[in-house]
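Colleague: Input: one structure, supplied below.
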Amino acid sequence: MQAVQREIAEQLNVQPPFADDQALEAEVARRISFIQDCLTSSGLKTLVLGISGGVDSLTAGLLAQRAMRELRERTGDEAYKFIAVRLPYDVQFDEHDAQASVDFIAPDERHTVNIGPAVKSLASEVAAFEGKHAVSVDFVLGNTKARMRMVAQYTIAGATHGLVIGTDHAAEAVMGFFTKFGDGACDLAPLSGLVKNQVRAIARSFGAPESLVEKVPTADLEDLSPGKPDEASHGVTYAEIDAFLHGEPVRQEAFDIIVNTYKKTHHKRVMPFAP
């Protein structure tokens with residue numbers, strides 16, 4: 001492990017690989033307890049999470065639903081609920097995967113909020129500030145979608161006395177692969193410190209369908225590139241990112257991309273700059 005790998009792994013609190021199934025089960029239990037502690041210490045009763053159809057929200061949703069079920073069993077308080085929210089931008093190209101994820105999670109409540117009208121309304125109001133190139137306009141619109149999804153989740157959480165769950169994990173955090181104040185905003189992040197293959201392993205431990213566990217990850221924020229794979233945006237694979245974070249050797253080009261991207265996206269992982 002090179003010094004910079006160790007430094008980055010420590011800053012992101014990267015967890016070691018699961019040694020065996022027992023270690024995986026212990027980590028699942030620890031993260032469920034974390035979710036329960038966050039909620040009970042807040043005095044609130046619900047958890048809210050947007051379900052996209054990807055493995056990250058699937059895994060976070062499975063942890064949240066089990067946490068709520070155990071809290072109800074332990075306390076007898078039926079007010080503890082997990083609310084799963086679908087947040088499509090009009091029609092989502094992989095809606096069948098999103099619905100399959102919600103079905104497998106079996107949340108206490110499920111709702112759908114179409115963010116399309118709100119995003120388009122805002123875009124029309126600020127059109128004078130947009131760039132001249134379609135690609136840059138599409139990129140900005142993608143970030144607006146992510147932020148509108150979080151606005152919706154916090155609105156629901158506020159109305160139901162709840163907390164919002166985030167899906168950030170170490171393999172995305174190191175690349176700054178999230179929208180500031182969009183999917184990067186949340187009250188608790190139960191996947192924090194995990195690499196991508198650990199997120200998948202946890203989903204498998206719940207018996208999740210392999211089609212969802214191994215689905216090609218995509219943020220799906222850009223209209224001009226629907227379903228664009230995360231790895232195409234990264235320039236490296238998640239396997240390489242995972243290996244880097246666990247101190248394993250990776251090809252030099254991948255090493256340089258990860259380190260340089262980590263440095264460039266530093267501002268996304270810290271509190272606002274202040275004098």
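Cβ atoms here come from the backbone N, Cα and C positions, even for glycine.
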Colleague: With G50, I51, S52, G53, G54, V55, D56, S57, K196, T218 listed by Swiss-Prot as binding ATP, identify the candidate in T75, T160, T167, T237 belonging to that site.
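Modeller: Between T75, T160, T167, T237, Swiss-Prot records just one in the ATP site with G50, I51, S52, G53, G54, V55, D56, S57, K196, T218, namely T167.
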Colleague: Out of R74, R86, R110, R147, which does Swiss-Prot tie to the same deamido-NAD(+) site as K180, D187, H267, K268?
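Modeller: Site partner of K180, D187, H267, K268 for deamido-NAD(+), according to Swiss-Prot: R147.
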Colleague: Whole-number Å only: compute the distance from the Cα of S52 (ATP binding site) to the Cα of R147 (deamido-NAD(+) binding site).
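Modeller: With the alpha carbons as reference points, the distance is 14 Å.
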Colleague: Given the binding-site residues R147, E172, K180, D187, H267, which one's Cα is the least distant from that of T218 (ATP binding site)?
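Modeller: Considering only the listed binding-site residues, the nearest one is E172.
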Colleague: Measuring Cα to Cα, tell me the gap between E172 (Mg(2+) binding site) and R147 (deamido-NAD(+) binding site) in whole angstrom.
Modeller: 17
Colleague: Find, for the listed binding-site residues R147, K180, H267, K268, the residue with the lowest Cβ contact count at a 10 Å cut-off, counting only other Cβ atoms.
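Modeller: Looking at the binding-site residues R147, K180, H267, K268, the Cβ with the fewest others within 10 Å is that of H267.
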